[in-house]
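J.: Here it is, the structure in full.
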Number of protein chains: 2
Amino acid sequence: MELLFLGTGAGVPAKVRNVTSLALKLLEERNAVWLFDCGEATQHQILSTSLKPRKIEKIFITHLHGDHIFGLPGLLGSRSFQGGTSLLTIYGPKGIKEFIEVSLKISETHLQYPLEIIEMEEGVIFDDGQFKVEALPLDHALPSWGFRIIESDKPGTLMAEKLEAEGVFPGPHYKELKAGKSVQLDDGRIIHGPDFLGPDQKGRIVAILGDTRPCENAVHLASEADVLVHEATFSGDSSEMAHRYFHSTTLQAAEIAKKADAFKLVLTHISSRYGKADWNTLRDEARTIFPDAEIANDFLEVPVPYRSTGGASLK
Amino acid sequence: MELLFLGTGAGVPAKVRNVTSLALKLLEERNAVWLFDCGEATQHQILSTSLKPRKIEKIFITHLHGDHIFGLPGLLGSRSFQGGTSLLTIYGPKGIKEFIEVSLKISETHLQYPLEIIEMEEGVIFDDGQFKVEALPLDHALPSWGFRIIESDKPGTLMAEKLEAEGVFPGPHYKELKAGKSVQLDDGRIIHGPDFLGPDQKGRIVAILGDTRPCENAVHLASEADVLVHEATFSGDSSEMAHRYFHSTTLQAAEIAKKADAFKLVLTHISSRYGKADWNTLRDEARTIFPDAEIANDFLEVPVPYRSTGGASLK
Ligand SMILES: [Zn+2]
Ligand SMILES: [Zn+2]
């Protein structure tokens, strides 16, 4: 599980930062990629990565501002052109369906895969046992949403060495023991799965938030998240401007991460008023409040490892 | 007057060729830029040029395929964000209005300039005395249009040396002579403007065609054009495939230029199946039929000079 930032700018594209898009790579977990927002030229950015459009399984749209959605029609068409045939599901605010359907109709784009568009409501919007996604509204100029992606806990792995020490070797018994059952060995002994299982592996949590002022729902979504992705359109001293434009400062994003007891914070949606020379300053502002803060650049990849809870080798 | 190719690929963006867009720079002529088609990331391409979005006065859309229009909503928004306040007029096929209006409405993009969208019909779609634009339908999978941009002829310039030889020096008389009138000099002599004017400067003609199979209207539009911009999605030996997909080959484009007695041909909309190594071959195919043929690349600039008709120095 890795985050790959495809666009980290605000409002309009610039040479150094494209408009917003973020890929959550779930290749090991489900051979799929989930996209969060799709500003114009997201498909162009993808050309500079190893991402395959046909592996994009879900697209989550935080809000309908152009810098977060204008890349959708082109990406949907290219996914088809490049051989995508599997279901694609798009979750977004009310209105996203009309935008996509009109764009595809007018351009006579005929997709070679089924497309499902879900205009979401607050709460759990997806849950397949492996991953659950919750959506809550934030505080922006138009309805903007944040997402909390929760991986299920995994049962611990079988302790093969301990079993071999008991004279139990790989075979049919292993599957049952792994499932936590008890089995009778050939010599009559009965052994119990839980005695040979490592600790449960707690699933990871990623919070990805749309444009917003600081708000309570941001804290809920980010609660104990392994990674929180939060916008930081403005520097710490511009809270008045941030408020006026329904955005957050670096310091406000860091406060959210701190209140939520998140593990790591990545700042994105950086205004083009800040040049290269300012980026470390922005990051350091956030670090005064929340030390494990980073600033995203286009193509930054952030791994989301399991936290070491005694089961560190389980990945 | 120069053509600046912003995207020269077909169907989907590739690293070396973006999807279609072409700027006709009319900076000297009217301090304006006209855009022809606006595929996704056209505004990104513009970031690598000296073009100013606020100087874009008109956008002509040849047809509604995504690779020709998906960059429109973003460019319209950015033109506003970057301070554009003057009228922008978009000419396009029926349907373009719905696409633009829905995109702007859904994204709550509020433009700071008046936007006029004209769903064109065959014939003269613009004429302000300086430039006239004619549109005719071509032969593509959906309605596709070609444009003929015609500059008005200019009266010749005053032959200052000849006047000075007659003892007439710069002053009020010059304006009247230039307008073709007769004037009486202080010494009583009457001289006639036409005797001191160079030959009329024939206006330039540029033909810019949307995706199409070879067709008669292409020849009409390109008739004696100074520059013809024609698609060449396929190589000369792929006429069957070109026909099936409603496109043209290099040889077919060259035939149109020849029949039209155009002055120069620029091939664009090159399929990504052809790599760098093939481009000269494609060009040379066209040259077997029409020698003054070029192949466009992204950011190629093609000047459109006045043809030398004895008034070469008039530019
Ligand atoms: Zn935004
Ligand atoms: Zn095309």
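Quick reminder: no glycine exception, Cβ is built from N, Cα and C everywhere.
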J.: Can you pick which of A:H110, A:H269 TrEMBL lists for the same Zn(2+) 2 site as A:D67, A:H68, A:D211?
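T.: Matched candidate out of A:H110, A:H269, per TrEMBL for Zn(2+) 2 with A:D67, A:H68, A:D211: A:H269.
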J.: Taking the centroid of the Cβ atoms of A:H63, A:H65, A:H140, A:D211 as the Zn(2+) 1 site, which other residues of that chain lie with their Cβ within 8 Å of it, listed in sequence order?
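T.: Nearby residues not in the site list: A:T62, A:L64, A:H68, A:A141, A:L142, A:S144, A:G210, A:T212, A:F246.
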J.: Is there any among the binding-site residues A:H63, A:H140, A:D211, A:H269 whose Cβ is under 8 Å from chain B, and which ones, in sequence order?
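T.: Near chain B, no listed binding-site residues qualify.
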J.: Any idea what the model's mean pLDDT is for the domain 'Metallo-beta-lactamase' (A:18-269)?
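T.: Across the residues of the domain 'Metallo-beta-lactamase' (A:18-269) the model's pLDDT averages 96 on the 0 to 100 scale.
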J.: Please work out which residue of A:H65, A:H68, A:H140, A:H269 has the most C-beta neighbours within 10 angstroms of its C-beta, and give that one of the binding-site residues.
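T.: Result for the most crowded candidate: A:H269.
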J.: Who sits close to A:H63 (Zn(2+) 1 binding site): which same-chain residues at least 6 apart have their Cβ under 8 Å from its Cβ?
T.: A:P93, A:H140, A:L142, A:P143, A:S144, A:W145, A:G210, A:D211
J.: Taking the centroid of the Cβ atoms of A:D67, A:H68, A:D211, A:H269 (Zn(2+) 2 site), which other same-chain residues have Cβ within 8 Å of it?
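T.: These residues sit around the Zn(2+) 2 site: A:A10, A:G11, A:V19, A:T20, A:D37, A:G39, A:T62, A:H63, A:H65, A:G210, A:E231.
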